[in-house]
Amino acid sequence: MKVILLGPPGAGKGTQAAGICERFDIPQISTGDMLRAAVKAGTPLGQQAKKVMDAGELVSDDIIMGLVKERIAEPDCANGFLFDGFPRTIAQAEGLKAEGINVDAVVEIQVPDEDIVQRMAGRRVHPGSGRVYHVEHNPPKEEGKDDVTGEPLVQRDDDQEETVRKRLGVYHEQTQPLVEYYSDWAAKGGDGAPRYIVIKGVGSVDDIRNRILSELERA
């Protein structure tokens, strides 16, 4: 099973990716992880990427595509893979197509912006342990305090409303063209066309996961 997972920040992609990977015995692949691993291993592509990143520049699509090809040739990709946060652009999507790297399904988790803002703005974190609470959905026993240590909880900068709205704006700007690219390709069919699956990301984690898995099992 080869899957591309799309969805806004705060949509629960990480949780759902883990469920998909477990069900189909496939690895979750993100470009960030690939870059870090290649730089750490000192591979030729990793060295190229390090030079670019050290100069404060964006890593080119050519390098990213090279890393993707290397990564999906690894033995753990025998059953497929899940791309998380890749492709980010039409150029990268076209690059996958040109390399003959086809996927079975593109899953888009849709959540209204206001729901995302509410979810993320309500998150509170215990810095020492990383324990996460939510003021409405998973509140601590005592307001503003960690259940285990009693230490104060904080709101991460990333979870503040203004930041969340900015990130959502960037997501829509970047991802809408990809949504159209893959949904059009799926509708037209043809060689290598994936199924395009839209999942409403509202409801319990288990409910959303079950809906995704039942759709993927038909892909």
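Using N, Cα and C of the backbone, Cβ positions are placed for all residues, glycine too.
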In Swiss-Prot, the ATP site includes Gly10, Ala11, Gly12, Lys13, Gly14, Thr15, Val132, Tyr133, Gly203. Which of Arg23, Arg123, Arg195 does it also list there? Arg123
Does anything in the same chain, at least 6 positions from Arg156 (AMP binding site), have a Cβ under 8 Å from its Cβ, and if so what? Arg123, Val125
Near Thr31 (AMP binding site), which residues of its chain come within a Cβ-Cβ distance under 8 Å, counting only those 6 or more away in sequence? Ile64, Leu67, Val68, Gly85, Phe86, Arg88
